[in-house]
Each structure stands twice: as C-alpha cells, then as structure tokens.
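**Student:** Not my notes, these are from Swiss-Prot:
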| type | residues | note |
| --- | --- | --- |
| TRANSMEM | 6-26 | transmembrane segment |
| TRANSMEM | 58-78 | transmembrane segment |
| TRANSMEM | 92-112 | transmembrane segment |
| TRANSMEM | 125-145 | transmembrane segment |
| TRANSMEM | 158-178 | transmembrane segment |
Amino acid sequence: MLIAKLLLVVIVSYILGSIPFGYLVSHRGSKIDIRSFGSGRTGATNVLRTMGRKAALLVASLDVIKGASAVAFAGLVIGTEALAFGTNGMALLFAQVLAGLAAVAGHIWPVFLKFRGGRGVATFFGGMIALCPVAAIFGGEVLIIGAGLSGFASLGSITGVVGAYALLVPLTLISGFPTEYMIYAVIGSLLITIMHRDNIKRLLAGKERKLNEKAR
C-alpha cells in the first residue's frame, strides 16, 4: 500500500510540476509562445525579459505554489498519522522529498510541452518552503542579493539553491533537522546547477545576458 501511495505522489507531483505557467501566462497575456524568445525556457526569468515584471512575478509565484502543493499533497496521501516519529514519520518525509523533486522534474521536463520547460528554481523553492521555510527564506535572500549585485539571474539562482543547502548542513548536523531535507536540497541544487550549465559557460566566457536585458 505504501509503495502505491508513493507512486501516486510522484505521478501527481510530476503532473503538477508540468503545468507550464510561463507558457500559459505569455500565451494568454500577449498571444506569444515564450519558447520562441530569449532562452526558450518557460521560467520566470525568460518571462521577465519578454513580458516584464508583473508577468514574471505572477509566473514565479505560481511556480513556487507548484512545489509547495506537491509537498502538501504528499502529506495528505501518506496521512496525518505519519507525523508521528517512527516508520510512518520516515515515510512522510521520504514522500515529501519525492514529491518536491518530482515537481521540479516536471517543471524542467513538462509532459505538456514535449519535455522542455524551465530550470526549476522557483518550484524548488516552493518545495523548500513546505519542507523547511527557514532554509527557503535564506536561499531566497541569497538569490535576490546574488542576482542584484551581479546582474545575472543565473548566478543568483545557483547561489540561492546552494545557499539553501549550505544552511541545511548545520541545521541537520547540529540542530537535528531531518536528513531528508538536506537530501532534497542536495539533489535539487545539483539538478538546477546542471540545468544552468550553458549559463555557467557563458558566465565564464563573459557572454551571459544581464538580468535586465530584453529577450530577442
């Protein structure tokens, strides 16, 4: 029964993550396909460059909600009794981590857009908000400061997700936070960093687009 529930959590969370809010908002608001502009991604950064701040903020918020909703759904499926310590508690944490990662995977490889979406940053933070708000807030602040000081959204995104992981290390080792939270941060930050590999190459070559540059 537990395996069936975990499978349900993964499938539903992946579908939630696959909802392409960047594509939907751009198509409805400006009758354009966001994938034909800029990076070709459906995330908030490309929406910002193409449609402006209001649309980008809406998309980022909706993408965050996807991640948080997936983690919340895992809690509902496993059951409230799993909040107790022991085997059920471990099952809940495992399910929540799976849900968050499945949502991130859905955002990156959405089934509705031939498996080409965004880079998963906002959805990752949505899952982190539901799992460990303090790490999400810290990582979000690092992201904003990093992007603001450097002018590069990609650099801010990478430092933000790594920052969330960096905070979870002492929280786990010293304060006794669940190891599963750190596992989520490790896998999520690694995946997002890999998805930014082209940006990293451009950063090193001095050719990365600035945050305020319009998409072409």
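Here the Cβ of each residue, glycine as well, is placed from N, Cα and C on the backbone.
Neighbours and distances for these, please.
**Tutor:** Proximity of distant same-chain residues to the transmembrane segment (58-78), defined by a Cβ-Cβ separation under 8 Å and at least 6 residues beyond the stretch ends, is recorded for 5, 8-9, 12-13, 16-17, 19, 21-22, 25, 43-44, 47, 88, 91-92, 95-96, 98-100, 102-104, 106-107, 118, 122-131.
Long-range Cβ contacts of the transmembrane segment (92-112) within its own chain (Cβ-Cβ under 8 Å, at least 6 residues beyond either end) map to 5-6, 9-11, 13-20, 42-43, 63, 66-67, 69-71, 73-75, 77-78, 82-83, 118-120, 122-124, 126-128, 130-131, 178, 180-181, 183-184, 187-188, 191-192, 195.
Within the chain, the transmembrane segment (158-178) has long-range Cβ neighbours (under 8 A, six or more residues past its boundaries) at 93, 121, 124-125, 128, 132, 134-136, 138-144, 146, 185-186, 188-189, 192-193, 196, 200.
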**Student:** Could you pull out which residues elsewhere in the chain have a CB under 8 Å from any CB of the transmembrane segment (6-26), counting only those six or more residues past its ends?
**Tutor:** 32-35, 41-44, 46-47, 50-51, 55, 58-59, 62-63, 66-67, 69-70, 73-74, 77-78, 91, 94-95, 98-100, 102-107, 109-113, 117-118, 123
**Student:** So if I exclude everything within five residues of the ends of the transmembrane segment (125-145), which remaining residues of that chain have a CB under 8 angstroms from its CBs? That is, six or more out.
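**Tutor:** Contacts with the transmembrane segment (125-145): 63-72, 96-97, 99-101, 103-104, 156-157, 159-165, 167-168, 171, 177, 181, 184-185, 188.
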